[in-house]
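Visitor: Below, the features straight out of Swiss-Prot:
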ACT_SITE  K207  active site
ACT_SITE  R281  active site
BINDING   K195, D200, D218, E279  Mn(2+) 2 binding site
BINDING   D200, D277, E279  Mn(2+) 1 binding site
Amino acid sequence: MTEAMKITLSTQPADARWGEKATYSINNDGITLHLNGADDLGLIQRAARKIDGLGIKHVQLSGEDWDADRCWAFWQGYKAPKGTRKVEWPDLDDAQRQELDNRLMIIDWVRDTINAPAEELGPSQLAQRAVDLISNVAGDRVTYRITKGEDLRDQGYMGLHTVGRGSERSPVLLALDYNPTGDKEAPVYACLVGKGITFDSGGYSIKQTAFMDSMKSDMGGAATVTGALAFAITRGLNKRVKLFLCCADNLISGNAFKLGDIITYRNGKKVEVMNTDAEGRLVLADGLIDASAQKPELIIDAATLTGAAKTALGNDYHALFSFDDALAARLLASASQENEPFWRLPLAEFHRSQLPSNFAELNNTGSAAYPAGASTAAGFLSHFVENYQQGWLHIDCSATYRKAPVEQWSAGATGLGVRTIANLLTA
């Protein structure tokens, strides 16, 4: 077995020979990371990415300066989808080691699930993986129901059925109930709704190759809220929470939905389809209707929903939308506590009316006259939240996945957002 490369931390600057701004240096004992107090976690993560790039696949985090957050920052940068890596962790107290172990188990699950090829991860497989993860941490405190295929149509889940019917792999709705009280009549504190498009070709509004090649990751919202619930449970979540995952492929076939089709939802809303590549909101609508029916204090939906959010924020921040200023502030406070990047974008009442249709109440996409695509998408979703002005958060997951490596991340999924949502649930 290869001897581990020892990684230590220092608050002293590197020797001048390494350069004025050197963040790490190498000596006979191993590698030293030089912290400057400005962005130590970011520095550690970027250094870990460089260490991996050197081909070093076995490391030992050594010394007393490591804590759970610093270990986690290292792992976020060190982990990559190809190859194997081994880390010998430092001695941590029991609470910190448990926190680190839970992050490794759950957030790595999120990253690995998002990175999985669409051939291996269809709608049914995604739903079952979510059940397995939650059951592993919740035991008998969880029950669930899986509805698929024509049963969705028969039960009125017309958005999910319409989008998913073009694939040989049936669309699936997972409804999972985490109820630690044991009381079947206990109120539901929160509902989490996730977009689980396991591959998005764009449908008849087909994507170009450059925009389709990462669309195995279009189920990132579903993976994120699943991970968030699991992580909140490990942190002692003692309130009832329901999870709704809307899982489907968006493909082209003789049975696929078409431009001009009209979908009638269970809440009476009629939606004209004018872009089959704006399918995420169509499946989320069904989940939000179910979530609203639970009368929870809090509804959070998460989706890799729009390119507009990425245009605004890149892949560095998740976009947050809400009519509830106090709730948005709470989530941003949770994000700050967990050192995860969220940024609030505008959502106003007028965005709800910027989806006009000549044949239905709503269009599933905005026109050139209304170019605020991320905000109008959130406005669309609000039509399916019963009390949309209070207790509802929409997360457009622009920081879920990276097509190419950068200085702090490998290519692929990041797992960002899991800890923030879990923090909010357990606050």
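The backbone N, Cα and C atoms fix where each Cβ goes, and this holds for glycine too.
Distances, neighbours, how buried they are, the whole picture for these features please.
Guide: Every protein chain shown contributes to the tally, and the Cβ of K207 (active site) ends up with 15 other Cβ atoms within 10 Å.
Counting every protein chain shown, 28 other Cβ atoms lie within 10 Å of the Cβ of R281 (active site).
In the three-state DSSP scheme, E279 (Mn(2+) 2 binding site) is classed as coil.
For D200 (Mn(2+) 2 binding site), the number of other Cβ atoms no farther than 10 Å from its own Cβ, over all displayed protein chains, is 27. Look at D200 (Mn(2+) 2 binding site): DSSP puts it in a strand.
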Visitor: Please list, in sequence order, the residues in the chain of D277 (Mn(2+) 1 binding site) that are at least six apart in sequence and whose C-beta is under 8 Å away from its C-beta.
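Guide: Spatial neighbours, sequence-distant, of D277 (Mn(2+) 1 binding site): D200, G202, G203, S205, I206, K207, N250.
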Visitor: Among all the protein chains here, how many other CB atoms are within 10 A of the CB of D218 (Mn(2+) 2 binding site)?
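Guide: I get 29 for this one.
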Visitor: Between the Cα atoms of K195 (Mn(2+) 2 binding site) and R281 (active site), find the distance and write it as a whole number of Å.
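Guide: Their Cα atoms are separated by 8 Å.
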Visitor: DSSP secondary structure for K195 (Mn(2+) 2 binding site), reduced to helix/strand/coil, please.
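Guide: Its secondary structure by DSSP: strand.
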Visitor: Mind giving me a neighbour count for E279 (Mn(2+) 2 binding site)? Other Cβ atoms within 10 Å of its Cβ, every protein chain shown.
Guide: 29
